[in-house]
Amino acid sequence: MREFGGGARGLSAPAPATAGVRDASFALRLRWLAVMGAVFFSSYGFANWLAARRAAVPTFAFGWEHAIPFVPWTIVPYWSIDLLYALSFFFWTRRDDLLDHVKRLLTVQLISVACFIAWPLRFGFERPDAGGVAGALFTLLMGFDKPFNQAPSLHIGLLVVLWAVYATHLRGTLARAALHLWFAAIGVSVLTTYQHHVIDVPTGAAVGCLALFLFPLRDASGRRPGADAAPSVASRALARRYALGAGAVALLALACIARAAGWALAAGWVALALACVAWIYWRGAPGAFQKHPDGRFPPFMRWLLAPTIAGAFVNSRAWTFRRPAPARLDERVSIGRTPTTRELRQHGFTGVVDLTAEMPSWAATDASCAYATVPQLDLVAPTARQLQQAVAALERLHGEGRDVLVCCALGYGRSVLCAAAWVAMRRGLHDARDALAAVRAVRPRAVWSDEAVAVLQDWIDRRAAAEEGA
């Protein structure tokens with residue numbers, strides 16, 4: 001999980017302050033800890049109280065769960081999340097970061113408690129007696145907890161959020177290895193303490209991932225991924241399609257619950273991923289996919305969007321199955337589909353400009369192959385800024401003497417527009433359609449919308465005006 005940082009040992013230094021950014025005082029952090037603690041215990045206790053008043057509360061468990069052992073000592077990592085929860089408020093030096101953290105925790109809390117109230121479940125196995133320190137900790141736990149509040153596991157939802165937070169701040173190989181082992185132990189402990197059934201774990205993880213998606217971690221400058229949102233008619237239309245798909249699959253998931261819980265869980269995962277993509281398109285924010293400059297997705301985004309990521313890759317290969325090879329536009333510039341490591345080596349590319357937002361890079365690059373990404377939404381014309389960034393990345397890598405592949409999902413849309421802009425710049429073309437025709441001559445299946453042509457023409461005109469004024 002090196003996505004979250006690395007380097008010096010210990011905790012990372014606070015991010016440098018930027019103009020207009022308000023600091024989060026110690027008192028403010030303490031107040032928010034108190035508020036969230038009160039929200040946690042009051043809402044969690046209220047859901048427990050409501051469930052206890054019911055004449056009968058159902059349980060859900062797979063038959064094979066009886067094989068899960070009861071391990072008393074795992075109550076220690078189980079309890080440790082309380083301390084980690086409290087300490088997490090004191091990592092943030094900027095007010096905006098602190099408030100985002102509160103929103104993430106509150107999102108997990110509210111969604112989980114709403115599910116506890118709407119669909120109450122109880123733990124269905126009898127927990128064996130535990131002695132010693134473990135027994136005392138179980139007794140303390142049962143002082144405020146009940147065998148209700150099962151799915152989604154609030155413990156797991158908070159764990160996912162806290163895992164991302166601690167991994168962001170903790171540095172050093174050994175420290176991070178210990179961190180991941182301990183957090184993994186917390187995750188396992190919800191089962192080995194007989195607090196939760198298996199179904200509670202993936203549902204809780206989904207809630208935690210959703211919170212990190214809605215309120216992503218900011219970068220060192222305080223910028224939130226997706227802050228450059230630019231919705232358009234096309235992006236909103238696609239958002240509606242994704243939303244309809246999410247709704248249809250969600251209905252399928254509900255229909256499967258009674259007879260095929262495993263399929264219901266899988267369908268629910270697909271529905272959630274589609275809903276997240278719908279939200280990204282509605283906002284017109286490719287940055288909301290949270291793709292890193294090295295082409296990777298954060299771990300929680302890989303899990304949350306795994307169904308749509310897999311679908312995008314399969315779609316990419318299905319449409320280009322008969323024409324997988326990139327098209328040579330210039331002696332050292334080609335356009336094509338997003339490559340795998342094997343394809344990258346097969347064609348000898350030493351530079352990649354990746355325009356996909358919806359997928360991570362599938363190719364492992366090293367010092368011999370430079371990588372640049374300018375995420376753009378599929379089937380939506382880029383903004384002028386996105387187009388400029390893509391052309392600048394291509395020109396930079398080309399200027400370094402590299403053999404560059406400009407890629408998108410299929411190599412027929414986003415990469416074509418970027419290549420056309422670069423051709424117009426290099427050949428001094430003033431008409432967008434002439435530049436696009438030059439690209440289509442080597443990539444016959446290239447496609448573009450009228451909106452994309454308008455963006456390209458505007459980019460050409462602005463560049464010509466800037467050159468005349470220079």
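A Cβ is built for glycine as well, from the same backbone N, Cα and C atoms used for every other residue.
Bear in mind that TrEMBL entries carry predicted annotations, made automatically and left uncurated.
Remember, it's a predicted structure, so these values are computed and weren't measured experimentally.
Secondary structure counts, DSSP: the domain 'Tyrosine specific protein phosphatases' (385-454) has 43 helix, 5 strand, 22 coil. Sequence annotations record features per position, and here TrEMBL assigns domain 'Tyrosine specific protein phosphatases' to 385-454.
As annotated by TrEMBL, transmembrane segment applies to 32-50 (among others).
Counting same-chain residues at least six beyond the ends of the transmembrane segment (70-92), those with a Cβ under 8 angstroms from any Cβ of the stretch are 11, 24, 26, 29-30, 32-33, 36-37, 98, 101, 105, 127-128, 130-132, 134-135, 137-138, 141, 155, 158-159, 162, 165-166, 169, 182, 185-186, 188-190, 192-195. Here TrEMBL flags 70-92 (among others) as transmembrane segment.
Positions annotated as transmembrane segment by TrEMBL: 104-121 (among others).
Annotated transmembrane segment per TrEMBL: 151-170 (among others), in sequence order.
Distant neighbours of the transmembrane segment (177-195): 1, 68-72, 74-75, 77-78, 80-81, 123, 125, 127-128, 138, 145, 153, 155-156, 159, 162-163, 166-167, 170, 201; these residues of the same chain sit at least 6 beyond its ends, with a Cβ under 8 Å from one of its Cβ atoms. Look at TrEMBL and you will find 177-195 (among others) tagged as transmembrane segment.
The annotation transmembrane segment is assigned in TrEMBL to 201-217 (among others).
For the transmembrane segment (238-257), the list of distant contacts is 263-265, 267-268, 270-272, 274-275, 277-282, 377, 379-380: same-chain residues at least six beyond its ends, Cβ to Cβ under 8 Å. According to TrEMBL, the feature transmembrane segment maps to 238-257 (among others).
What TrEMBL records for 263-282 (among others) is transmembrane segment.
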Taking the transmembrane segment (151-170) as the reference, which of 32-50, 104-121, 263-282 gives the largest number of Cβ pairs under 8 angstroms?
104-121
Same-chain residue ranges lying at least 6 outside the transmembrane segment (263-282) that approach it to Cβ under 8 Å
199, 202-203, 206, 210, 213, 226, 231, 235-236, 238-243, 245-247, 249-250, 252-257, 288-289, 304-308, 358, 377, 380
In the same chain, residues at least 6 away from the ends of the transmembrane segment (104-121) whose Cβ sits under 8 Å of its Cβ atoms read 36, 39-40, 43-44, 46-48, 50-51, 54, 57-60, 85, 148-154, 157-158, 161, 197, 203-204, 207-208, 210-212, 214-215
The domain 'Tyrosine specific protein phosphatases' (385-454): mean pLDDT?
98
